[in-house]
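Lifted from TrEMBL, the feature list:
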type	residues	note
DOMAIN	A:6-70	domain 'Copper amine oxidase N2-terminal'
REGION	A:209-247	region 'Disordered'
DOMAIN	A:244-651	domain 'Copper amine oxidase catalytic'
ACT_SITE	A:ASP316	active site, proton acceptor
ACT_SITE	A:TYR400	active site, schiff-base intermediate with substrate
MOD_RES	A:TYR400	2',4',5'-topaquinone
2 protein chains.
Amino acid sequence: MPASPHPFDPLVPKEIEKAAQVVRSKFAGQDINFRVITLKEPPKEEMIKFLDLEHAKQPFHNIPARIARVEIVTKTTSGASALFELHIDLGHGSISKQQLLEGKHSYIDSSYMNDVEKACMANQEIQDEIKKLDLPAGASVIVEPWAYATDGMNDMSKRITMCWFYLRLVEHQDANYYAYPIEICAEVSEELQVTRVYKLPCSPDERIHTESRPFDRRKIHSTTSSEYHPDLRPSPRTTTKPYRVIQPDGPSFKTRGNLVEWEKWSFRVGFNYREGLTLHDIRYDDRSLFYRLSLAEMFVPYGDPRVPYPRKAAFDLGNDGAGLNANNLKLGCDCLGTIKYFDGWHNTKSGEPLKLPNVICCHEQDDGILWKHTNFRTGNAVVTRSRILVLQTIITVSNYEYIFAFHFGQDASISYEVRATGILSTVPMDFDEKATIPYGTRVAPGVLAPYHQHIFCLRIDPSIDGQKNSVVIEESEPMPFGDPNVHNPFGVGYQTKSKYVAHEGGFDLDFTKNRTFKFVNEDKINPITNTPVGFKLMPFYSQMLLANKDSFHAKRSEYGQHAVWVTKYREDEFFPSGKYTMQSMGGEGIASAIKHRAASGKAPSVRNEDVVIWHSFGSTHNPRIEDWPVMPSEKMMVALKPVNFFLGNPGLDIAASTQEDNKSVLYTEGSEVPKCAASRL
Amino acid sequence: MPASPHPFDPLVPKEIEKAAQVVRSKFAGQDINFRVITLKEPPKEEMIKFLDLEHAKQPFHNIPARIARVEIVTKTTSGASALFELHIDLGHGSISKQQLLEGKHSYIDSSYMNDVEKACMANQEIQDEIKKLDLPAGASVIVEPWAYATDGMNDMSKRITMCWFYLRLVEHQDANYYAYPIEICAEVSEELQVTRVYKLPCSPDERIHTESRPFDRRKIHSTTSSEYHPDLRPSPRTTTKPYRVIQPDGPSFKTRGNLVEWEKWSFRVGFNYREGLTLHDIRYDDRSLFYRLSLAEMFVPYGDPRVPYPRKAAFDLGNDGAGLNANNLKLGCDCLGTIKYFDGWHNTKSGEPLKLPNVICCHEQDDGILWKHTNFRTGNAVVTRSRILVLQTIITVSNYEYIFAFHFGQDASISYEVRATGILSTVPMDFDEKATIPYGTRVAPGVLAPYHQHIFCLRIDPSIDGQKNSVVIEESEPMPFGDPNVHNPFGVGYQTKSKYVAHEGGFDLDFTKNRTFKFVNEDKINPITNTPVGFKLMPFYSQMLLANKDSFHAKRSEYGQHAVWVTKYREDEFFPSGKYTMQSMGGEGIASAIKHRAASGKAPSVRNEDVVIWHSFGSTHNPRIEDWPVMPSEKMMVALKPVNFFLGNPGLDIAASTQEDNKSVLYTEGSEVPKCAASRL
């Protein structure tokens, strides 16, 4: 009898209701803003015992307790607000933890942001500035509020919001207002007061200023080239013919609740407001591989040094939430073939369950050839096609979208693909036709797309045949040539050198040495290769954070300093820039955590221990005009591959590819609709 | 009236016949072995004039002459052989060039290799050695002849072949004999004499030796785990359900002869025995992008220092030929959807045309999401799917296969994907169960899969809005923090620094600086970004050649020293390890060519000139047991992307993705064959 809900399952609506009810009775009479009601995952130690029994199909008596982690903001009668974290034991209806989080901010509150927009538009100074701009008729002003990226210029104990201004030039709700940034900028206080109005710099050397320059209507570019919405565009091309994926016998996967089974893989799908899609208890042929995989953080700092642009630096998970901003995926639009959708649950301000429909999709894709060999002596070929299972979620964070997908392979690999698309966050620049600004790309008259970085962090919690794993760094290096003690007579020899990671730390990539990070189980030796069973990281090579190490950007993000971090597993250590990133002051990330543990003399060993690997990667995005007005997907790919884990190719038993199954069609030159060829093998 | 054949078209059968006929009459009475009869592409200068007129739809009077490049090996009456290169003017039926290539060898001759195998098996010493091994009944010995990788131990003016020995353990023609390497090795002379028989080293410190050890039959592993052919395997898994690609209105591409047109792209498909698939005159929206794209070389050196393994180092293009070894692709096996196949033509020994059927396929693939944006204010999403056009060829080089594919994108990018699959080249090792050898991975009892590298070279001949292009190296670097002369008050600013490449040379990658190689046309300024129009290389980060720079491997390959080479275009400079790689002595590759030109005081400028970029990439392949007995595809990807070439996203006019076109199906939990959901958008 399976546990229902399973201990890894996100909270179900009834549990959200229950948690809210317990909190309400505790904070009776107070104004409560429920920010988070989410699953607090069970302690790993308990879960491992549970999973061992579950997979052994043995009865379990101690199902880990269902605990809700709740964040609320309360308002005292004086109007001051307080942020609390609470743990609610749902079985007992009791509060097992209550903590006032002084100096911390909860993530972005969209209803509050709406109020900020209104406050801006109601403000006389802003109205006066807008009037001075002498905007074209029919144009409307859009206020885009952003979380304030700490720069040391203001007291961060209270919330401050930065507001950027754009123009919706035509009367269409989906007009691309990022094409018309205007030079106003405002700071809004926690109490919804406009505390400062800036005029943005518009040339390379300019600073913020006070005088207004009228928005020169003669120089406004036409909308067509800056629009992406079909209503505002000429008719699309008709040359792309339909392409359908047909799975006549249905998909090869099966789901039962959040359990997914496919081609010897099994795992559980999780979801929360912050990380979005998470994966748990990932096994292949019932051998344990990963306890948990998740996108842990994402940081988007802008590289324009001019004030106030250093305040543009978004923690898209910590500040915005990948789950909360997950798209409602649509059948036939976001994927092809046979698709399973998973809903997510969040909560309203008042603590009611809030359904987030279709936030995750699960489907198969053909991935070309898995393996092939032709015996050149007989001419006989055997070819198998690669099928992958895709678990995908897409998020919208203001202007940008990110498409996150785990790909499971029949070769027992897992890939993690990120696609960046959406619209560039723009700023105004001079209308001079020949203008350039060294911190960005001119994408339209008066429009600068500033340089910025996207730095992701994938958290990998391995359980390679068990929880006790080690990380080993392997390099391929030439053997000495000419050394009489080394047998390398022709100078062609090379070997691998391996070094186990002893202590927590950050590490860099080096493709010039074929540096490879492996996660191995030293207690399990592959009986054929005589080496520990393991998986390896196939990283995405990318530039790390460009901001100076003494900048707030660097101090607040931390994980962007190195591509690979290794830590010992700790309960509740999920976020490499700290748990509370909104207006954070820095020093709460993974580097600090490692440093503090080492400084306290308790630097934990990570050899043959429960280890976690964090991979930082991303892109230095110096926009191309081809990214405008909407950006073609920029792909980034990370993979985890078995290395001497199995006894051979895990996809060896895939059936050969045949025309009988695939029913491909032969193209004949000159026929617009090709004739179907007779089936032949 | 289009030219037929088009000047870029490979030779047609009649032209091959004509060329052979001209050669035969010149060499009347001699024994001629026709190694090559292929197109000598017209001089670029002529071609550019022709293409300009062709694309302007103007009449052309001077169609470049059709020239065949022919290689023959003749035998004199004394039995000595001579290699000639000839150019045959097909229009005039005349020989325009005839050159005796002293000290050079033509590529591998498969009929000669068959003779080598037979010579081995007929040799008494080898038969005696085989007898001593006391092989199991039913087993047969397979001789695998390899080109001799120069090691300085023999006179290379005559051809020497290295023969490796394996066992076919069961009586099935497709049994995997690489699973049973045996310790014999032989050298065979040009005159088919076995000149030396070795016993291979079988332990880390062992050298070649003379005594034989019986092949211990008790220790031979069972075949099943080492076989890949379905006849020799248990029944395959049945869990992978059929997956079909349906294109109800046919494909979006159109071909006319070797001209392919698809989604604003046009290009011509070429093919020759050595490079295999080549692409010519690549345009987007009739703007010129690349004059020619081709895989130029591929080197596979093995890293085992023990004699005679340094002789294992294959130039898979120069020695074997990617065209000659291209697979006959099968409908429904190697691709899905609607497929156009191209045949290739080569020649027989006696100069007759030889058809190589279905060596290239052309088809479309869905590639996920091209771009998406959701307006968070309205909730309205616009999503487009990415369609790619794939031009694919697959080659088998003895044990390995390589899948080479150009992907054309609707975002005006071109990707080049390489997949390595097939079977590892193995060598024998001791049967001791606990044995390890530091130069390889034990994949079965007595079987070592040695470490090796695959180093590819993609030749990129850009014509970015014309032939005069420059290469610029851009890096993203932090602005100084704390320098009173630099406005970077918060330490977050960064800029790009660009440097034009002035002279020919080799360059390295550096992702830590986001180092980017762009090909630009300095005479064409993008009117919006105010920067030269260009494309950029998205490289594949990989370790370069590990062999010592003074080794023959390094001297013979040369291009594996750097990831990017820039040269000025020269007629006939197509091969970065030289034109004749068989038993080459080194010093004929790209590094030497650049050095010689510089040393002669004629170092050509590559700024605003006709430049060529060569990208070296690959993998240091330290085998995993998961690569055995047949290797799951290992992917490598390179891309060329527009950077400020267009006026915006080239895929902006792609129609939004709809369920009406895509007809996806909703999965319902618990239904083995899911119900079709009502269409909904």
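Any Cβ shown, glycine's included, is placed from N, Cα and C.
Around the residue listed as 'active site, schiff-base intermediate with substrate', a 10 Å sphere centred on its CB holds 21 further CB atoms from the protein chains shown. DSSP assigns the residue listed as 'active site, proton acceptor' to a helix in the three-state reduction. For the domain 'Copper amine oxidase N2-terminal' (A:6-70), the predicted model reports an average pLDDT of 96. Broken down with DSSP, the domain 'Copper amine oxidase N2-terminal' (A:6-70) shows 26 helix, 14 strand, 25 coil. In this structure the alpha carbons, written CA, of the residue listed as 'active site, proton acceptor' and the residue listed as 'active site, schiff-base intermediate with substrate' are 10 Å apart. The Cβ neighbour count for A:ASP316 (active site, proton acceptor), using a 10 Å radius and every protein chain shown, is 22. Taken residue by residue with DSSP, the residue listed as 'active site, schiff-base intermediate with substrate' is part of a strand.
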